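Trainee: One structure coming up, written as structure tokens, with questions to follow.
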Amino acid sequence: MALRGRHGRAPAREDEPRRDERAEQQAPAPQGPVLPPPPPVDYGVFMQGLAHTQAALQAQLEAQERADVWWASLLRTRFEDGAIDVAWDEFVRLFQAKFVPEHVQDRMEQEFLSLAQGSMTVLEYEGRFSELSKYAPHIVADERRKTKKFIMGLKPSLRTRLVAFDHRTLDEALSASCRQEGEMEQYLEERKASQKRPAMTFQRQDKKKAVYPTQQRSVAVGSSQVPSVRSPGVKKECPHCGKTHGGTECWMITGKCLKCGSSDHKIKDCPRLQQGVQRGAPAPAAVAAAAPATGRPGRPRALTR
């Protein structure tokens, strides 16, 4: 019974590693961030870039090979196969004399002497300054002269701020010019932002004027109401009849009586005009209708019969 039990339990222990392997295989693999596919590259552009890269590498290898041959020959003939130590400055002088012609050195020295920042940033200007400084050893040998040359080549806006300080090293001048450049850029950005604010304010005011138009009022003339915009107190001469009268319509254009404003007759048949002729004086009502409104009360008159 014990032997059977041992034989019965052995297959169960052998199945446990298999079950663990199946669980590991079925477990989902950890997923990282999904990167976008690379952009498509034109075959012609790719081959052109590859050709330029290979040509540059080939030129670099050829130049390195020429330099190795030259240095090996110089060690044998001049420095006794390395028995004589060679200072770095001497190596640089010999290397430039071999691979950098004298006219090229003169041109690079002149470019260094006339170097100015221009449209470059301070760091870009410093990089070009350091690259060309090796062609003017008589200037860069003195740290103060080199620092002064660097400062004088900066933009006028930066140079005027740094000249007052006595910077003795190039690192001090470079650090101060970078700080000044950052402050100037921040000032220009704030100034540009402040100049945009008034324009936005004017635009909002224009929108308010468009949304809220001028209020109009209606003026009653006869039996019809004509809307009119409020006008100043100065009355203009009517272009139709040549007179100054109130209201917005001219009685001559509408065909009304020029005496009382009635549409039933003309001025020649106006009863008010006939009454005034018979009595020798115009009727007060006719005078009030014909005369423009002045806003002052009229003077009372006694009618005689």
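The backbone N, Cα and C atoms fix where each Cβ goes, glycine too.
TrEMBL labels come from automatic prediction, so no person has curated them.
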Trainee: Of the ranges 126-147, 170-191, 192-213, which one does TrEMBL list as region 'Disordered'?
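Mentor: Of 126-147, 170-191, 192-213, TrEMBL gives region 'Disordered' for 192-213.
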Trainee: Please identify the range among 72-97, 98-123, 280-305 that TrEMBL labels region 'Disordered'.
Mentor: 280-305
Trainee: For the domain 'CCHC-type' (256-272), what's the mean pLDDT in this predicted model?
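Mentor: Residues in the domain 'CCHC-type' (256-272) carry a mean pLDDT of 78 in this prediction.
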